[in-house]
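According to TrEMBL, the feature compositional bias 'Basic and acidic residues' maps to 1-10, 251-263, 523-533, 574-583. Taken from TrEMBL, the feature compositional bias 'Polar residues' applies to 26-39. The domain 'Gfd2/YDR514C-like C-terminal' feature in TrEMBL is assigned to 314-498. Per TrEMBL, the feature region 'Disordered' maps to 1-68, 240-263, 523-583.
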Amino acid sequence: MSLTKAERFKLLNGGDVVPPTGGASRASTNIESGSQSPTATPPPSLSEQGSEAATERTRGSLSGENSLIPPTKLGQLASIESSFCPVQAVTKYPYKYIHDRLLQDAVASSFFAGGRFFERHWSIFYIHPPFDVSRKPLLLLPLTQVLSFFDTINKGSTALLRIPSQSDDCGFQVSFAGMEVSFRPRHLGESTCRGDFQNLEQMVPAATFRPDGETPELSPPSERSLEAFKRKMELVHEATKKKSRAARAKKQQDRIEKQREWGRQIKRTQRYLGLRQRQEQGGLEQASRHELGMTDHFIDLESPAPYPMESSVVFVSVDIESFERDHRKITEIGISVLDTKDLDGVPPGKGGIEWMKHIRAKHLRIREHAHLRNKDFVVGCADRFEFGESRFVGMREAPSIIAESFRFPSADQTTRNIILLGHGIDGDIEYLKGMGYNPLNLNNLIEVLDTSAMYRYLKREPNPRSLGSVLSDLDIMGWNLHNAGNDAVYTLQAMLAIVIKAATERDGGTDWAEERRKRVGEAAKEAVERALEDGEGWSSAGEGDGGVADKPWLKPPRPSRRQRSAVRNSQKGQQKDADFKQQ
């Protein structure tokens, strides 16, 4: 059940419905840098926030002031007025809450990284959350010590570290006021270095542990108290994760939007090839097709494209090969071209085979790096261009030759629209930029397509596949891959096969709802099998008293040369006897 901000604050801070306007629990929206607008009022430092009395009362709860004695022995209950921060949440502070990269690096390197965070005095407390929230105990730091740590950072830098606001991550600060005794933190020990902390982690007592002299609880906690404690621990546990729930939700939404964009790329490419029409252009034509018993999804591969080829585009596929030991050294450049004007009136054929015949290609080899051969991570084949003759060019002249490959003036001297294509195109674009040619600066570039993403959308796959794997699944025979010229051609062929397959399977293709259920079932089955395999071999029942200890560090003596020779002669004699008996 989701909670409102007020409910979350109330739950974590001991019952106050309205967040206090001052005191140590006051929180900002996030971290801010020291640079402020000249007219803006700078926010108060941590030591100035809210009521001094409230702050001192909170600090006193762990310093011995205000008649509160801080815990000193293992398992001793924390003061009922104390507030805490999860250790793991505080250690992740710069990486999770500082969004300025330079400031993040400065704060992290000076105060957090390399064990620096633990090189100060910390009082460590522990609490056991419900088993279904976390199987590990949660380690906590007193809020007063965290505030003092932030003050130290703020005084030594331009940073302004604050306790994150409840809108960002309520679980960063938690109070146990009003909770029953069994739901309060207990003292674990004192830490002044990483080694101390790691030792304390290993000695957390069981949930049933009670120090000597503690009064036993008279009655078990109520169901209502258990539920409130569980919800509080869920929020605290959430704060210890690297990314907040909101950040994970945003990441998921970004992934969904990216996948949908891949689908839109396929649809637009179908329009460029005349396999789909714009929705607003359907109108009466679509109604007449339905009257003829046809659907908008029907594509006859033995007839020319049923719709006009939109935007009169030229597809330019690029692939770059570099030396595997030094990727700054470009060895090959492959460029293939498909002009949609050449497809006018041409049936695509099965899988687009007839359209593929109109692909033109060139293969450039860099003369200065022609002696470099890839063989360790991929097997290069720079001398096996399947679609023409390779051309050797110098590194200096390569950018102008590439630029010429992107010029397509029409008969009336107007510039044609270009679509850049590649398999993992981002890497190829970076290679081109490094050579001195940036195709993204072209005014007539209307889109950049990636067959890796298009194929993932076609197959609903979470991870990208290699070009060879994609070709195999699309029934395209790819010869001598990792030759830049060949790969550029095969990438264009894969693009045609993908959009045609998507067009012909729109109404009779894969049932993705059923496919999803199938994949979930297979994943669950694999998880069960893995759990069963991991569970084997842990029982020694029926093996008596344990037997004699093995001594794997003692290696058996190696047989002498005479002994090895005798064994070989014996084996030869046995083989001769067996051969004689068979005769």
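Cβ atoms here come from the backbone N, Cα and C positions, even for glycine.
From a predicted model like this one, the values you see are computed outputs, not experimental measurements.
Taking H, G and I as helix, E and B as strand and the rest as coil, DSSP gives the region 'Disordered' (523-583) the counts 35 helix, 0 strand, 26 coil. Broken down with DSSP, the compositional bias 'Basic and acidic residues' (251-263) shows 13 helix, 0 strand, 0 coil. Outside the compositional bias 'Basic and acidic residues' (251-263), and at least 6 residues removed from its termini, the chain residues within Cβ reach (under 8 Å) are 243, 453-454, 456-457. Taken together, the residues of the domain 'Gfd2/YDR514C-like C-terminal' (314-498) have an average pLDDT of 94.
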